[in-house]
Amino acid sequence: MAVLGAPGVLCDNGATAERPTLDHHWDLWKKTRMRRNTDQNEEDVRRLIWEKNLKFIMLHNLEHSMGMHSYSVGMNHMGDMTPEEVIGYMGSLRIPRPWNRSGTLKSSSNQTLPDSVDWREKGCVTNVKYQGSCGSCWAFSAEGALEGQLKLKTGKLVSLSAQNLVDCSTEEKYGNKGCGGGFMTEAFQYIIDTSIDSEASYPYKAMDEKCLYDPKNRAATCSRYIELPFGDEEALKEAVATKGPVSVGIDDASHSSFFLYQSGVYDDPSCTENMNHGVLVVGYGTLDGKDYWLVKNSWGLHFGDQGYIRMARNNKNHCGIASYCSYPEI
């Protein structure tokens with residue numbers, strides 16, 4: 001398997017040349033990920049991107065083995081995509097301007113919070129979803145937060161319809177653009193006004209379609225949403241510990257280190273606070289002495305650690321994870 005670790009060869013023009021020794025691994029990856037490139041030019045482009053990502057993985061993990069990184073990366077179903085393509089297909093967070101607040105969390109400074117929380121252990125988190133090539137991250141983040149509240153309120157864990165939000169919260173009053181992007185609080189406002197169907201009655205299609213909301217299939221509603229103080233990780237910790245899963249926006253969906261993340265605590269110094277992706281914080285803790293947020297993504301089980309990523313906590317609001325946080329109340 002030494003061949004797999006060989007980095008790509010750089011041509012004079014800076015492009016990465018295909019390595020024939022990787023032919024078998026490329027074919028194996030395509031078969032595993034069910035990739036079929038009918039156009040030879042497309043095949044060649046994808047192969048070069050894949051080799052570039054493979055080289056990044058090998059170099060990063062070599063540095064990780066020397067203690068230079070707190071996380072490892074690995075090849076996954078996005079291995080033949082560029083960072084720009086990943087954010088174009090799967091990001092699309094649209095922060096409202098101005099950012100309106102329907103309520104804010106009042107911190108209890110004297111409250112003792114647990115050292116770690118994982119709402120999955122309490123049955124408040126549904127299975128990991130796959131948004132596909134639709135910028136609906138915001139919808140999955142919002143529905144995930146409400147699913148947790150619904151479980152805490154009724155004792156029932158129900159998958160809610162992200163497609164309902166994609167199709168129906170696009171009116172001017174909400175400002176969401178379906179697969180073109182949106183924001184979690186606007187989704188909450190739609191649910192306050194209308195309610196939301198279940199995933200079973202309104203399944204996900206990964207594309208913009210006509211609104212088919214049916215009140216007969218209503219699975220949940222909420223009375224208001226709460227927004228946390230901007231950039232306050234302590235407030236986020238308190239909300240996650242005492243209220244449930246929290247919707248957040250992050251930057252880094254467009255970084256190779258993020259979409260190829262595999263394990264450990266993600267901490268990339270190049271991460272900014274330029275929001276481009278909506279996710280769900282379902283817990284927090286400490287791993288090997290490094291504090292983290294436990295984050296549920298909507299990129300399927302092949303992303304990260306079975307669909308989850310641990311992101312650095314108490315690290316100057318790393319990736320802006322505490323900048324735009326909210327959760328609904330039933």
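Glycine residues also receive a Cβ, built from the backbone N, Cα and C atoms like all the rest.
Looking at C222, C271, the record from Swiss-Prot puts C319 in a disulfide bond with C271. The Cβ neighbour count for N110 (N-linked glycosylation site), using a 10 Å radius and every protein chain shown, is 5. Ranking the recorded positions C137, C179, C222, C271 by the distance of their Cα atoms from the Cα of N110 (N-linked glycosylation site) places C222 first. DSSP assigns N297 (active site) to coil in the three-state reduction, outside any helix or strand. C134 (disulfide bond) has a Cβ environment of 23 other Cβ atoms inside 10 Å.
When Cα-Cα distances from C179 (disulfide bond) are compared across the recorded positions C124, C137, C168, H277, the shortest belongs to C137.
Among the recorded positions C124, C137, C211, C222, C271, the ones whose Cα sits within 10 Å of the Cα of H277 (active site) are C137.
C124 (disulfide bond) falls within neither a helix nor a strand when secondary structure is assigned with DSSP, and so counts as coil.
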